Amino acid sequence: MSSNYRNFRNSVPWLIFFLEAVFIILFCFLYSDDGVSGSNISYPAFQDVSHMVIFGLGFFLAFLKRYKFSSTGFNLLLIVLGVQWSVLMEGLLFFLFQNEKEDDLKSITKATVSMTTVVISSAAVLGKANPIQLIVMTIVEIAAFHLSRWINKMYLKIGDSVGMMHVHLFGAYFGLAVSPFFSEPSPNSEKNASTPESDLLSMLGTLFLWVFWPSFNSVLAVEEEKNTIIYNTYFALAVSAVTAFALSVLTTKDGKLRMKHIHSATLAGGVTVGYAAHSIWYPSIAMILGLLASVITVLGSHHLQRCLNSVLKIHDASGIHFTFGLPGVLGAIAHVILFVVKNWTDLRSQRYLIMIEIGTFCLTISVALISGFITVSPFGCWILNGGTQITDLAKIRFFYLSL
């Protein structure tokens, strides 16, 4: 393999400059006219989402002492590149299919929300992937996520605000799909170690995420549903936080709190309720979902993590499967159940819509897994290896480990 791929100076800057040149040219063609005015999204709401994605998720991933600077720095790099690419994907869909054009503030807000998928999936390979690999993951993942949203919107008739809440599911399972192709540090390796300072930074990120999560869940909703979504999200987060503290004490041998539990399970309620917050009638339902999500996160990290490592050879560096993946699945299932309960008296005529709701999140997970495998396929290696084809699976894995 060429040494250029191991040389940060000879590869990363030129890749970034190349992408920026492509983005500028595409913006000239796709966004040459005046933007649409009259946004239903306020600038403070957009700020909340930006703070959550940049500060919250950036510090949230700073728990490894060797990567606390790279987690926040690379997080910003991926976000600023990915937001441009996501806005261009929206413009490309408008150009190809003549979709309704959105105002500028809503477009950039949706792009920022979309970047949650990239940050979540990059957390699965935290400390194992270099900037080139992360940038390639960003380009492929954003394109695949927009494809998934477009299918859901055009063929399954799923509202855009609901479809955007699939970011947690998509990011988690895309990250799990690419994770096996990267090396797993030994259990006692310094790469897996944390310090009180790194744990404090990670907890600071958790607090940012907890505070801004209601804005994240409601930012793209219609005006009539915003207050309901904020209300339900807050109670789900509150109960998941309380449950996280209780379960952390109950599941540790010495009966002490574990920051790993707190900083993951505290947020699980917000992930779960994001799918169904607009269809929840009583806060008690949101509270039950928050409790179940926290239980799944804490117990799943105890029992299922060993299965992922030993059986499937998946090393989830940040526990995204239990923080975002499984709570997202719970939220999608809860959304279907609430839809069934609401239409119980007319269930026979609603069977088609029920299957649509189930197919929506199944499609999201499928596209995430398939696109993740494509990223680490021989074609993905061909891109990163300068046009030299790699076909053997063992060589593909060696290629990614040696980058």
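Cβ from N, Cα, C; glycine included.
TrEMBL tags one of the stretches 123-142, 163-182 as transmembrane segment, and that stretch is 163-182.
Simply put, out of 44-64, 76-97, 163-182, 229-250, 320-340, 76-97 has the most Cβ pairs sitting under 8 Å from the transmembrane segment (12-32). The list of residues near the transmembrane segment (280-299) in space but at least 6 beyond its ends in sequence, with Cβ under 8 angstroms from a Cβ of it, reads 228, 231-233, 235-241, 243-244, 247-248, 251, 261, 264-266, 268-269, 271-273, 322-323, 326-327, 330-331, 334, 338. Long-range Cβ contacts of the transmembrane segment (229-250) within its own chain (Cβ-Cβ under 8 Å, at least 6 residues beyond either end) map to 210, 213-215, 217-218, 221, 256-258, 261-262, 264-270, 272-274, 277-278, 280, 283, 285-291, 293-295, 297-299. Per-residue pLDDT, averaged along the domain 'Ammonium transporter AmtB-like' (27-376), amounts to 83 for this model. In this chain, the transmembrane segment (163-182) lies out of contact with the transmembrane segment (44-64); the count of Cβ pairs under 8 Å, excluding pairs fewer than 6 apart in sequence, is fewer than 3.
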